[in-house]
Amino acid sequence: MIRHLATILGPDHRGALRRYLAWLIAHPVLEGIATAFLVPVLRSVFDGDTQGALRHLVVLAVLVVATCVARYQQTMRGFRLAVVTLTTLHDRLGDHLVRLPLGWFTTEKVGRVARSATTGTFTVTNVFAHLLTPVVGGVVTPATVVVAMLVLDWRLGLVLVCCAPLLYVTHRWSASWIGRSERQRDSADALAGSRVVEFARAQKTLRAFGRDHEGYAPLEAAVEERSRAGGRMLAETMPRLLANGLAVQLCFAALVATGVAMALNDAVEPAALVALLALAARFVGPLSEAAGMSGMLRMAGNDLGRLAALLDEPPLPDTAVRAPLPRPGELAFENVSFGYDEANPVLRDVSLHVPAHTMTAVVGASGAGKTTLVRLVARFFDADFGTVRVGGTDVREMPVEQLMSQLALVQQDVYLFDDTLEGNIRVGRPDATDEEVREAARIAGVDEIVERLPDGLGTRVGEGGASLSGGERQRVSVARAVLKRAPVVLLDEATAALDPENEKYVQRALRTLMTDSTLLVIAHQLSTVVAADQILVLDEGRVVERGTHTELLAADGRYARFWERRRRSRGWRLVAQQETEATR
Ligand SMILES: Nc1ncnc2c1ncn2[C@@H]1O[C@H](COP(=O)(O)OP(=O)(O)OP(=O)(O)O)[C@@H](O)[C@H]1O
């Protein structure tokens, strides 16, 4: 747990954490010694030794003051670390997330981040404020009492030493059970949470097929499992917490029995026995309190573990030194192989060269690896073998920020912020002038959307761009790319979202982009394919054909068959093809 706390607080606060831990241990040690001093005080009082009692009382007073100082230091330092966590954890999480590879952000992982950002922060502050003090005290105070007891009366001390393994084993046994059932409940919680989100997202589909009033079996199953896991956790936790408490009380009973037997055999003075039992009470009290908290501590440990694992997630290897770009705007793959897992390669020995200011269209069946190709350029993931070059330089040898300044990405699932249209286009280049924003909007056909909206470019688009159609959202994304004027544009053309109107604007934007940028397009529109300088046909992760439209048609291979199929199914699109050819 301490290792997790060190990870969560970060290197800047490790020294403060160490000092806090030192006080956290010093306090119960001093408290244990102060309690042990009660024995000589009480012995002197029972023996009628006033001088001795006074001497011991002075030492006791000094120890009590030292204990108070330690308690103050420990509380204040714990409080400060809790405040540090509250104020910096979200920043640290944010800083860490921006350094993770983009491919890391799956729905499940994003859900984990959201939960860690909320419950994790609460847990860390709770650990500092309420948990560590009683739990550390619950172990260190009794340990000090055992040492003191061995010094004051080795026989009773020995009883406590013999009790230690029993207490340890009971604690480990109950804590591991509680930890396990808490992990099961947490997984059930996470599953139920993601099923609720899935259910909300699936509403359109469920209603379209009239399935909305039948319930949603995966959600119901997840909710049921969550309530089962909650019940199981309660049923498994309570008896084990009670067993913990019972073990502590058994140890105390053994101590009392031994003491009484010793007193009956005149092996110890009754007065001394009372003093020693008073000390033994300090052994039992903190232990019982700590035993009661062990469940909470284990749960907090799991929470901290998850949060620390998130912060330990390896970031994208990055370099600080800007690399020279010997061939600006050029894009190349050299014998690149990649798989999301080792057993299933998705790209196999792919080599390609996209000269600056040209357009390359990638076509291929669904699952051929087209999107993966684009992801490797933007370092969503790094290639397993081979090299991806942008501007003639290996993408791994330039800082991520430099790489991103070279790229503009237009994806199918465009994310728009709950901001104005203008704000969303400006994401491409925040310092662009108003005139440049308007020009980018015009080129991408956003001005045509603007005319229909009440506040023009100042109209808010709703969360995720909810008030725009799929094609309109992609036009905004294209406008961002136009505004960014990046040397390389990676465009995953929308399939269904482009009606002829949208397609016309995207084509116009592609022509504009080509004057300044190099384009790698996952092409779905025949007009885009025909307009490309080079077409790559991808099949099961390999480039199986490459050339211009005319060359590939003449080769009468896969591309010719792809073209024929698409032409038949979307014959009317040939009009667009002719238009495009006419404009070249
Ligand atoms: N994040 C991921 N994790 C694991 N496998 C993935 C991931 N993304 C894609 N894949 C798998 O990699 C293969 C290639 O996917 P990719 O999305 O690159 O194909 P594509 O040619 O773009 O397909 P489509 O045209 O349908 O979008 C597919 O088998 C897919 O299931």
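In case you wondered, yes, glycine gets a Cβ from its N, Cα and C as well.
Please treat TrEMBL annotations as automatic predictions, because they have not gone through curation.
TrEMBL has this to say about the protein:
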| type | residues | note |
| --- | --- | --- |
| DOMAIN | 29-299 | domain 'ABC transmembrane type-1' |
| DOMAIN | 331-565 | domain 'ABC transporter' |
| TRANSMEM | 20-41 | transmembrane segment |
| TRANSMEM | 53-72 | transmembrane segment |
| TRANSMEM | 131-152 | transmembrane segment |
| TRANSMEM | 158-175 | transmembrane segment |
| TRANSMEM | 241-264 | transmembrane segment |
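Here the listed stretches are 53-72, 131-152, 158-175, 241-264, and the one with the most C-beta pairs under 8 angstroms to the transmembrane segment (20-41) is 131-152. Residues of the same chain lying 6 or more positions beyond the ends of the transmembrane segment (131-152) and with a Cβ under 8 Å from any Cβ of it are 24-25, 27-29, 31-33, 35-36, 39, 74-75, 78, 158, 160-161, 164, 276, 279-280, 282-283, 286-287, 289-291, 293-294, 296-297, 300.
Panel annotation: around the transmembrane segment (241-264), residues 155-156, 159-160, 162-163, 166-167, 170-171, 173-174, 178, 270, 273, 276-277, 280-281, 283-284, 287-288, 291-292, 294-295 of the same chain, lying at least six beyond its termini, place a Cβ under 8 Å from a Cβ of the stretch.
Cβ atoms under 8 Å from those of the transmembrane segment (158-175) belong to residues 142, 145-146, 149-150, 240-241, 243-244, 247-248, 250-251, 254-255, 258, 280, 283, 287, 291, 294-295, 297-298 of the same chain, restricted to positions at least 6 beyond its ends.
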